[in-house]
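Colleague: Annotations per Swiss-Prot:
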COILED    185-218  coiled coil
DOMAIN    32-95  domain 'HMA 1'
DOMAIN    133-204  domain 'HMA 2'
LIPID     Cys261  S-farnesyl cysteine
MOD_RES   Cys261  cysteine methyl ester
Amino acid sequence: MGCWLKQPQGITTMMGCWLTKSRENILDNVIVTDAKLKISMNFEDCAKKIRKVACQFEVKSCITDIDDQKVLVSGDFNLHKLVKTLKKKTGKKIEIVTKNEKSSEDKVDDTVQNEDSKDEIVPQNADKPETSIMEVEFDIPFLCEKYEKDFGKVISKCTGVETYVVDLENKKVVVIGNFDKDELSRKLNKKMHQKIKKAEKERQEWESEMMLREAEEEKRLADIYEEIDKDRNVSLNPITDYEKEMAKHYYMFSDENPNACSIS
């Protein structure tokens with residue numbers, strides 16, 4: 001008893017270490033189905049390194065979003081060990097935004113005895129709807145920087161969407177979350193047809209404007225040629241005294257021989 005009283009600080013330290021190890025042991029046994037992490041990523045090399053580390057664990061997919069600094073991991077894996085390894089390999093601070101732990105009830109089934117004295121297995125989660133994160137890729141032929149925000153609004157309003165990545169170069173969008181992909185596909189197709197109609201209308205308006213400009217230019221040139229012909233006719237066939245006087249000042253040269261004598 002005297003020893004316990006003389007060294008309370010050492011005992012406290014030992015107790016704290018024991019609690020820390022116990023907590024880590026508990027976390028090591030926790031399996032999650034999906035998690036969203038916040039990690040600072042400046043370049044694609046950082047994202048590749050994170051995906052490479054995640055592949056060492058039992059993960060189904062690892063999606064990195066450099067713009068939002070988010071990493072979405074799905075599968076049956078140990079989140080505590082994954083985060084610990086990522087911190088060690090990257091040296092970056094990692095924040096767990098969301099996580100879904102795998103319930104132990106999903107593996108335990110109840111045994112019920114029926115009227116024939118036979119055992120029947122009844123799953124615990126038979127009435128529970130399955131909620132899983134999925135990754136769906138949508139091809140959008142008319143996707144460009146001009147329409148990126150419009151399609152982004154459609155995706156963001158869809159229920160169950162966690163995040164999405166726009167690939168302008170390959171004309172596609174990768175959407176991640178627990179959502180109705182058929183409904184989202186219909187909405188994206190509707191928005192795409194709207195953009196096609198708008199682009200067609202803009203093209204027709206542009207063609208009409210160009211035709212109008214060409215007509216105006218042709219009319220302007222016709223007026224110029226008409227004025228030139230009128231002046232030439234006056235110089236060749238003067239009628240009034242004024243035209244006869246003005247005709248004296250005109251000099252006409254032959255186009256065939258510019259060095260020929262002039263007619264005045």
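Cβ coordinates come from backbone N, Cα and C, glycine included.
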Colleague: Please spell out the DSSP helix, strand and coil residue counts for the domain 'HMA 1' (32-95).
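Modeller: Per DSSP, the residues of the domain 'HMA 1' (32-95) fall into 23 helix, 25 strand, 16 coil.
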Colleague: What does DSSP give as the helix, strand and coil breakdown of the domain 'HMA 2' (133-204)?
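Modeller: The domain 'HMA 2' (133-204) comes out at 34 helix, 19 strand, 19 coil.
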